[in-house]
Amino acid sequence: MEARTGLALLMILMVIGKGEAQLVEGFYGPTCPNLEAIVQQAVATKRSQTFVTIPATLRLFFHDCFVTGCDASVLIASPNGDAEKDAKDNLSLAGDGFDTVVKAKEAVEAQCPGIVSCADILALAARDVVVLAGGPSFAVELGRRDGLVSQASLVAGNLPEPEFDVAQLNAMFAKNNLSQLDMIALSGAHTLGFSHCDRFANRIYSFTPSSPVDPTLNPDYAKQLMEACPQNVDPSIAINMDPVTPQTFDNVYYQNLVAGKGLFTSDEVLFTDSASQSTVVEFANSPADFNAAFVTAMRKLGRVGVKTGRQGEIRRDCSAFNS
């Protein structure tokens, strides 16, 4: 009996060491009971000013969690230009995502000073923007602390690239304890937002010497992309990732993949690869199945590499470490 008890205690300590066990729903109930309403209001106000708030905040959460965990390290601003947000893969993160967290943090600090981490505010805001776009609501586990490290050099190789195949995507998500099902569900976030032309130009102009246009692209969609993104186009030009319902969180992303209208190689390959095709078809046919899988994946994503206790801090300013 003692041996079993000791083993159980060891397992609990191992889980706590990962930081996951200390995340709980309602973490701030005793210390900041109105937290979720405060954040929801700040996010809604920001959304009323610009729709970009929604995809920008959701993408910010993903980029934060995949690099050193969900610890708000991507929010740090460095005078030397060497923080996480300064890395090449993060330069396209829209400023409205950062501003959403800043505004929410200011509102929270006004009522609950020094209590709530920027990492938890970002996690809540990511859920709230999904709801504002018509997506599912879900309970967010809280208790993260803000990370103490933010370095541009830590980003390379930790975010999926637009040319990845399913095996590469699976490997990267597996590093973060996320399954292929989670990966496909989280890819559904591409039902919102936009991309700059240079991120997919190779698919319409230089795919291979014998086939300049990626043959998996729907021909009509390829023409639309060429019209929107002519060669040598202004690099600031961006287009919607979902050409059908770009401002609604829905399962149309998967219907687009079935129709050959995935913007990135890493999107379309989810349908063309037999290992993932059946899941894409399921999500294309069932909004409920997609929403359920997305909620599960977002909750799992929110547990990646979290800092608790002395591993982090509660930042006063989300863009700067406490002095």
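Each residue, glycine too, has its Cβ placed from N, Cα and C.
Look at TrEMBL and you will find 1-21 tagged as signal peptide. Residues annotated as domain 'Plant heme peroxidase family profile' in TrEMBL: 22-322. Annotated disulfide bond per TrEMBL: Cys32-Cys112, Cys65-Cys70, Cys118-Cys318, Cys197-Cys229, in sequence order. As annotated by TrEMBL, site 'Transition state stabilizer' applies to Arg59. Per TrEMBL, the feature active site, proton acceptor maps to His63. Per TrEMBL, Ca(2+) 1 binding site is recorded for Asp64, Val67, Gly69, Asp71, Ser73, Glu84. As annotated by TrEMBL, substrate binding site applies to Pro160. Taken from TrEMBL, the feature heme b binding site applies to His190. Annotation comment: TrEMBL describes Thr191, Asp242, Thr245, Asp250 as Ca(2+) 2 binding site.
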Lowest local Cβ density (other Cβ within 10 Å) among recorded positions: Cys32, Val67, Cys70, Cys318: Cys32
Length of the line joining the Cα atoms of Asp242 (Ca(2+) 2 binding site) and Val67 (Ca(2+) 1 binding site), in Å: 26
Residue among binding-site residues Val67, Glu84, His190, Thr191, Thr245 with Cα closest to the Cα of Arg59 (site 'Transition state stabilizer'): His190
Integer Å distance between the CA atoms belonging to Cys118 (disulfide bond) and Asp71 (Ca(2+) 1 binding site): 8
Of Asp64, Asp71, Asp242, Asp250 (the binding-site residues), the residue whose Cβ has the fewest other Cβ atoms within 10 Å: Asp250
Cβ neighbour count within 10 Å of Cys229 (disulfide bond): 22
Neighbourhood of the residue listed as 'substrate binding site', C-beta criterion under 8 angstroms, separation at least six: Gln168, Leu169, Met172, Phe173, Ser266
Listed recorded positions Cys197, Thr245, Asp250, Cys318, filtered to Cα within 10 Å of Ser73 (Ca(2+) 1 binding site): Cys318
